[in-house]
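Notes to accompany the following structure.
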Amino acid sequence: MNFKKVNNIAGWLVFAIAYAVYLLTMEATVSLWDCGEFLSTAYRLEVGHSPGAPLFMMLGRIFSLFASSKEHVALLINSMSALMSGLTILFLFWTITHFARKLVAKEGEPMSTGNLVAIIGAGVVGALAYTFSDTFWFSAVEGEVYATSSFFTAIVFWAVLKWEHTADQPHADRWLILIFYLMGLSIGVHLLNLLTIPAIVFVYYFKRYSFNMRGAVLAFIIGCAVLGLVQFGIIQYLPIIASQFELLFVNTIGMPFFSGAIFFLLLLAAIMVLLVIWAKKKGKYLLQLGVLCFAFTTIGYSSYVSIVLRSKADVPIDMGNPDNVMTLIPYLLREQYGSQPILFGPDFDSKVTDVKDGRAIYAGVKKDGKDYYELVDHKPEYTYDKVRFFPRIHDFNDPGHVAFYRAYLGLSDTEEPTAMDNQKFFWGYQMNWMYWRYFMWNYVGRQNDVAGQTEAQNGNWISGIKPIDKFFGRGDIDLMPDSLKNNKARNQLYFLPFILGILGLVYQYKRDKQDTFILGLLFFFTGMAIQLFINNTPIQPRERDYSYVSTYAFAVWIGLGVLMVTDWFKKMSKGPAPAVIATLICIMAVPVLMAAQEWDDHDRSKKTIARDHAYNMLSSCDSNAILITYGDNDTYPLWYLQEIEGYRTDIRIINYNLLGTDWQNEQLNMKINNADSLPVIWQPEHYRGGKLSYLPYYEDPRIPKDRFFSLEEVIKFFTSDANKLPTRNGDRTSYLPTRNLMIPVDRNALLKSGLAKTADSANIPSEIRFVYNKGGAQRPDLALMNIIAGQAKTGWTRPIYMTDGTPNLGLDAYFQSEGVLRKFVPVNKPQIIQGLAPYTDIDKNLNLFMNKFVYGGAKGNNIYYDEKNRLVFLVYRQNTAELALSLVAENRNADAIKVLDHFMNNVSESSMPYDILPYSPSSMRYIIDAYYRAGAQDKARKYGNRVAKGISDQIRYYNSLGENSKDGMMTHLSQLNLSELNNMVLMANQAGDSATARTWGQSLQALAPGILEPQSAPR
């Protein structure tokens, strides 16, 4: 039979299956995390976070042109991810059949039907296993860069195998030039693709040279060197060299911006052309090939020109503002995010002993009417009192990380970490928890979607084989509470994909050690090597499984495992039957099982929660508002809704964390879409570069301790050069002169703006006094002071809103609830109950909750919401309880019951379980309390019974975890659950529901005899 024809047809059929699966399960709108940013920057060709993804942006723009309306833009860009993922599966299939063919059929000899079936079967099983793998499927159905990045990884590795197959033919090395061009293009998507380079070098080495240990070591060194050349030489140092030409041409010669960079690019092109001509003339073929590969990588990398051009246009999303050569460099180097030590660096208890000036930081300005790069600062370079080789516990800036290091390693507060502690953290946390756990999710099974920090019950791998799972500390599966047992991310694969992959690895190793080494190298560099390089800190805000692509290489071995199973059946039968039987068994045991287990938690086709939450937040705001957000999931969906759907573009969205950057502060002075600029006190020259990144508090003896100073006065003080303090190294530094701060309140302006009602007139203070209780102020807080001071100065013309959890300088008492946000209202208003914030306008908020808000289709049980989605629902649960309690306080019990019913009916228990959550243990109790207070005892009992059962089930499951149940987190969770049940007993007693209190009390006594306390429940 014609292998090439069958191989091509089968490959495209597998592609069609994968593509159809991803189209059927992809999200139709924006997702959480970075998707809102990538969708927005693609649609309007804007500038996303460093180091950027310009090629993804341009490809996404092309796909968006086919959208029938703005509401369908996200659908089209998401479909690009589906297409790229389907093509990844296509090239994976052909990669597997390439390796399989080398193992079972000799080149040039006729291929038997049995071997053909076995080879194609291997490709089908391996490719479909990867199709349905947890991590890859997740990325395939959303508008993020990882699907397109995987496509580039797949096509370049397939291309080098095509080169290997045709290497002895004329002009075969054109494949190598294509590979490096594709790598250059892939830089404009994500850098993960570069990790294929060492494996590609070994394909070349094994094909062109005879193997010996010296040659293999040299090939490995060359592979790492080429990887370093692209990663550092091309991506980083070409722009750095260009910047030196730029400085020379602009600052010294007096030419316009970009003149030096353009000259350098022309010079570089000329050098490469001359080198190619010279190498060809002298017969230096490898030099010619190398220069061509370098040149085409650079051509592919040129997509980054679009980043500078679009930033120059001052687009609304302009992260990093890389609008010239000098600002492009920190953008490419990701300096905004800091760096982690790799080989040498500090421990978490190391102290900074010296700070030196590092790389110069320039800003493009006008000087005497000409373009000029002004030196505004230097990047600091720190010297530590102690550094060590291979530092893994290095982050001393985050107290939470330090506490985790000590708890994980069992170190006391005064104990110094050792080299062994670094190794323990590396192997136990970084490699096991942050890498192998993710690998096992894909090919063994996943426990649930709850983000854990090494706890036994959250986020682990699980196989579904009870004795094995219990041995690894997963507890008694039969005792799992319903919320964990029914968690759709609980996928049990029974080790079958993993076992088949190991069989394929062994089979290939016995027959072709060189190809096994190549795949092993790909597996290492796309998995464990990444962990070595990124040096993860603990308590990541999200799971990081998308960073590792080693599951791709393992999928090849899964496919090759079919060949071993075929050999087993060959002992019992001849002809094509063994291959057919082996293929069918492996298909059912691996990809079909994976699809059946994983479909429900990867089907996002009906999910709209990210878009709906953004819509609800914007709908909560008054016109021309300022909305200050905190996390990615608060911010990026809002960008999507404004930039693509064009909803509420009058609202100015500001991310609190990004206020630490120059560009976000500079944007405050600009009009964005329909949102006007903000009046602020400081000027760009005050904070540009590293200025005012942190202000230490210094108790100035000249300032009375009991006096309060307006924010405007304090800002003008610390921005003045005259008020700087001398430092030990001879410099002068700004400082925060007082913690006693004040905001003047113009009553008439406040009433005129509508920010306060006439009925609240008597409660409007002439000034707001507050104490800033921090040892110093980071730039985000300084920027927030500027925003508030600017509004106070201009008569409160624009309301200020914040999302939950956003730092507010200590002004909690003046933030009232409005929708799902907190609104700054300079009015003295009492809290409702137990510290819950009052609502600005009961009727307005009742209308928002009852008629305006949408809940992502969470009413039914057929849509899967992962933990991060459920955290969104948690916001609504808490705010619903607050609104209901506010209504009860105004004797509007019927409205309170309506708003409670509306939420509980629109967000089902399946969508948002009633568990006691460590980050918000009382959310359901507030709902039950509100029902009790509103007089709906039957509904309070209904939900309370479910919560009580869940608590009982959770405690029993925790107790089944054996030694794991005794660790600090388990003890804490058990105490939280018992405390909530105790509070519910007391709450029911206070509501006069003694029978229910008695029932819950009996459950409590059964779980923890003697725990029931006689005092009142907090209400």
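Including glycine, each Cβ sits where the backbone N, Cα and C put it.
Here TrEMBL flags 12-32 (among others) as transmembrane segment.
Taken from TrEMBL, the feature transmembrane segment applies to 52-68 (among others).
With a cut-off of 8 Å between Cβ atoms, the residues of this chain six or more beyond the transmembrane segment (75-96) that come close are 7, 10-12, 14-16, 18-19, 22-23, 26-29, 38-39, 42-43, 59-60, 63-64, 66-67, 122-124, 126-128, 130-131, 136, 139-144, 147-148, 150-151, 153-155, 157-158, 161, 552, 555-556, 559-560. According to TrEMBL, the feature transmembrane segment maps to 75-96 (among others).
Annotation source TrEMBL lists transmembrane segment at 116-133 (among others). For the transmembrane segment (116-133), same-chain residues at least 6 beyond its ends with a Cβ under 8 Å from one of its own Cβ atoms are 1, 3, 6-7, 10-11, 14, 17-18, 21, 88-90, 92-94, 96-97, 100-101, 104-105, 442-443, 497, 500, 504, 551-552, 555-563, 566, 576, 578-580, 582-583, 586-587, 590-591, 594-595, 598.
Taken from TrEMBL, the feature transmembrane segment covers 145-163 (among others). Within its own chain, the transmembrane segment (145-163) has Cβ neighbours under 8 Å at 38, 53, 55-56, 59, 80-82, 84-85, 87-88, 90-92, 94-95, 98-99, 136, 139, 172-173, 175-176, 178-179, 182-183, 185-186, 189-190, 192-193, 195-196, 199-200, 203-204, 522, 526, 546, 549, 552, counting only residues six or more beyond its boundaries.
Feature annotation from TrEMBL assigns transmembrane segment to 175-205 (among others). When Cβ-Cβ distances below 8 Å are used as the criterion, the transmembrane segment (175-205) is approached by residues 51-56, 145-146, 148-150, 152-153, 155-157, 159-164, 166, 215-216, 219-220, 222-224, 226-227, 230-231, 234-235, 289, 292-294, 296-304, 514, 517-519, 521-522, 525-526, 529-530, 547, 549 of the same chain, each at least six residues removed from its ends.
Feature annotation from TrEMBL assigns transmembrane segment to 217-237 (among others).
Taken from TrEMBL, the feature transmembrane segment applies to 257-278 (among others).
Annotation source TrEMBL lists transmembrane segment at 493-509 (among others).
Positions annotated as transmembrane segment by TrEMBL: 516-534 (among others).
Look at TrEMBL and you will find 546-565 (among others) tagged as transmembrane segment.
Look at TrEMBL and you will find 577-596 (among others) tagged as transmembrane segment. Tertiary proximity for the transmembrane segment (577-596) is limited to same-chain residues at least six positions away from its ends with a CB under 8 Å from its CB atoms, namely 21, 114-115, 117-118, 120-122, 124-125, 128-129, 131-133, 491, 493-494, 496-497, 500, 558, 561-562, 565-570.
Within the chain, the transmembrane segment (516-534) has long-range Cβ neighbours (under 8 A, six or more residues past its boundaries) at 99, 153, 157, 192, 195-196, 198-199, 202-203, 206, 223, 340, 342, 430-431, 434-435, 439, 505, 508-509, 547-554, 556-557.
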